[in-house]
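Chemist: The following block contains the structure, expressed as structure tokens.
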Amino acid sequence: MRSVVVAGGGITGWAAAAALKRRLPMLEVTVLPIAPPADALADRFPATLPSILAFHGDLGLSEADAIVRTRAGFRLGSRFVGWGEGLPDYVHSYGTHGPAIEGTAFHQHWLRARDAAPFDRHAPAAMLGREGRFVPAGEAPIDGYEYGLVLDLPAQTAMLRAFALHLGVREAAGAFRTLTLEDSGFARAIDTNAGPLAADLFVDATGPAAQLRSAMGGARDDWRRWLSCDRFVIAAEAAAAPPGSLDTVEAQPTGWRFRIEGLNETTTGACWSSAHDAREGIAFEAGSFAEPWLRNVVAIGDAATVVEPLEWTNLHLALSGIDRLVTMMPGRDCAPVEIAEFNRQAAAEAVRVRDFLMLHYVTARRPEPFWREMAAAELPDTLAHTLTQFAERGRLPFYEEETFARDSWLAVLFGQGVRPRRLDPLVEAIDPAPIAAGMARHRDAIAAAAARAPTHAAFLQALHRQALR
Amino acid sequence: MTDGHAQRVVIVGGGTSGWMAAAALARLLPRRCSIHLVESEAIGIVGVGEATLPHIRHFNERLGIAEADFMRWTRATFKLGIEFRNWGRIGDSYVHPFGTFGRGQGDVDFHHYWTRARLAGHDVPPLEQFSIACMMARLGKFTTPGDPQSLAGTFGYAYQFDAVLFAPYLRALAEGLGVRRTEGRVVDVELDGERGDIRAIVLDGGLRIEGDLFVDCSGFRSLLLGEALGEPFQDWSRWLPADRAAAMPCRTRTDVTPYTSAIAMPAGWRWRIPLQHRTGNGYVYSSAFVSDDEAASAIEAAVEGEPMASPRLLRFRAGRRERSWVRNCVAVGLASGFLEPLESTSIYLVQQAITALVELWPERDIADADRDEFNRIIDLEYDRIRDFLILHYHATERDDSAFWNYVRTMPIPDSLAEKIELFRRRGRIVKYREGVFLDASWVAVYLGQRVIPKGFDPRADLPASADLLRSMKALHQEVAETAAAMPAHLDFIHRYCPMAEAA
């Protein structure tokens, strides 16, 4: 493989170009910077999952460059409000909710102690977040978690563009017209008003329209029967107060709304189903290419998989696709056997993200028609398998390419009031009294340590002072 | 949330699987079941599964078995991997190690750098010389793994032990935990007319034993699952044609190697498993390509020490039951399926079945969700191992016998053909996080059997050639020195776990 053209000028496109050039410097990488369209979910939502930090790490970007100078904030998770009627809000943070006990999972003991405090009280990240505090994981009990960022998207995109150009990525001029194909079905060049852009491989980062991948034929598998939200709005305004470290995701009669607090801006918006709500919004359709990579065109991010922005997986899927592309870069012939392995992994990942998003709806308990319809949706086999196994004894089966760890699934399941029918019998052999006491101590230790941690604003201030000294 | 009373578990068959199941259930689910094991001394145990995988250590730990004690009693030795001789071509030898190549760190696996250097025409040592486990095996060394960040921490180990002694060892443990044992042969299995569940078994002495859950550890016969419940057998002999073994132990006279050997033969292969007091040998062959007499003569001619018995014939068939758990009957070990011991997976499969049963322990009224999930897990284990075993036969250049001509040219499962093609092109391994044989195992067998990639991960092209060769040379030396400084395998055993009657 010698040359790659990336179509797309949002964070997805520049991230792809920078990663390809940085990690495979022998490639000639060109970006055709098409401005992200309004429906480009991955390019427009500022909240990210922890994977962005690993992505920065792989590129060798420092905290000063990738976080401080780009005015990013931190986020420890989301606070879900109103997803189970009559239930308190809950926090989905990214990490542990208590240690394993004699080889058995913590949550089984939590289930056995029926009067225990809410599940998220056992997660240090959730407790820090509820107090608006932030520190990276360190010593026990403030350990065992990851965090994401709240990006200033223009600043982050500009940084990735500058970094990519510095690495030797070429930025093409011209406006996208069409993709031209060889008789073999392989893409030959992107036609622009400034001339053709030829390459061995074409990366489609054009957003949900998938301008290159669509030209190759085929369509996304339609996921609307499982994820029926299809409209969103998003707006940012100057922040009125120092940022918290959790965003808020609140169920609404026909969907949900959100509030993401960044360093300088607060982003709010909503997502809903047009079948139940006629408000104007930006349209999208949930679905995914079973083969995001076809011949020498590979779709990344929204171009491959469109899902609603719940849990902020859109940019995560893009970054994960970029990493997979770098890791599995084939020869110029794009041999079908190599492409098939890429597609197998990509599809497995997308399906489990879809399942995790669906989980929020099928376990929600709200009376409105939208929610009743979502809860009654026929489940895909993979999610049905997970829920059946969980309902029996709180067991979560392993899946390859899973984005969200077991504790994330548990946070949502327990947060939305789902309980298994019975306990893991292995737990019954263990004396419950000392464990209940230990659980209370664990909670108290977290609460006490969280109260001593710096606020998110104070942490950022110190970080900026240190980095920009 | 609980269903009150303990379940009555009846285990049919002693031997390794029966007693492993009994000991594990008694230890891990003490309040959940009362266990009754039925075995007959008249029925021998197969006991060819003397070589194990590193997973056995976890099983023993969960049961509270002290390693040195267990090794002393079962006259065990350490195992760092398997040496394969004469597989790619006659005269070839490679080690499939319980460990990684290189340091096993970083984004790009070491074999890509190795391939790059080879393709560039550099005179690079064989891959195994960059694996600490392989070099320890070659030098006859052993010590327990060090810090995982260091080279001395990039390997794992298993045991080679006397399966005939392992069962009584577990029996003592299980009986101490309250397992009841009855001597007898099962002559009848009573089914519940309506549901088709097993209600009871009847022994030759007339004793009738009722149960809620039946664990079939009856070996090849598959007395409950196969015979009583009629679960069909999926035959895999078109890919794995070996159907017999001639087993013949000899006194340990030659090296007590810290590895098992699998030596290719004209119509199959033979194992060599060194224990403290004897060496297990056996010729696994296909009866379509060699007669029993010829096979027996071949193993007699091959053993390296004084024979302790004449060759004993075992018959089997590769494949598995469609489902391992049907109704209220769970088959464990040979009763559920058979894969030849080429990669020492027999005891591993027993262990996985027991682990899955414990994890999915049912209520008296068994939920489909438990049964289905158990079968999904076990089927996946069998199917992945199957592909890995077929690779050993298929990836060969041997054309010196009808047997090798058959396996070299036979059609293979698509799932395996894709894996091989992926490796051949660019050294890629199909990525799974879960499964018994991970990347390094596949790399060892591919390269050991002359499936040489035509390309490599482009990221392995980044270091300058001189730097790469220099660091490979330094690593090569560090591996050799680290291994050389370790204690000899037998010295380690004599200090740590000499067998009871050693003196």
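Keep in mind that glycine also has a Cβ here, set from the backbone N, Cα and C atoms.
All annotation found in TrEMBL is predicted automatically rather than curated by experts.
From TrEMBL, here are the annotated features:
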type     : residues                     : note
BINDING  : B:LYS79                      : 7-chloro-L-tryptophan binding site
ACT_SITE : B:LYS79                      : active site
BINDING  : B:VAL186, B:LEU334, B:ILE347 : FAD binding site
BINDING  : B:GLU343                     : L-tryptophan binding site
Chemist: Report the nearest neighbour of B:GLU343 (L-tryptophan binding site) in space among the binding-site residues B:LYS79, B:VAL186, B:LEU334, comparing Cα positions.
Modeler: B:LYS79
Chemist: Whole-number Å only: compute the distance from the Cα of B:VAL186 (FAD binding site) to the Cα of the residue listed as '7-chloro-L-tryptophan binding site'.
Modeler: 37
Chemist: Expressed to the nearest Å, what is the distance separating B:ILE347 (FAD binding site) and the residue listed as '7-chloro-L-tryptophan binding site' at their Cα atoms?
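Modeler: One finds 14 Å between the Cα atoms of these residues.
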Chemist: Cβ distance under 8 Å to B:LYS79 (7-chloro-L-tryptophan binding site), same chain, sequence separation 6 or more: which residues?
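Modeler: Long-range Cβ contacts: B:ALA51, B:THR52, B:PHE98, B:TYR157, B:ALA158, B:TYR159, B:GLN160, B:PRO258, B:TYR259, B:THR260, B:SER344.
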Chemist: What is the total of other Cβ atoms whose distance to the Cβ of B:VAL186 (FAD binding site) is within 10 Å?
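Modeler: Its Cβ shell of radius 10 Å holds 23 other Cβ atoms.
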Chemist: Report, as a single number, how many Cβ atoms besides its own are within 10 Å of the Cβ of B:LEU334 (FAD binding site).
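Modeler: For B:LEU334 (FAD binding site), the 10 Å Cβ neighbour count is 26.
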Chemist: I'd like to know which of the binding-site residues B:GLU343, B:ILE347 has the most other Cβ atoms within 10 Å of its Cβ.
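Modeler: Answer returned by the neighbour count: B:ILE347.
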Chemist: Just how spread out is the FAD site if you go by the largest Cα to Cα distance in Å among B:VAL186, B:LEU334, B:ILE347?
Modeler: 24
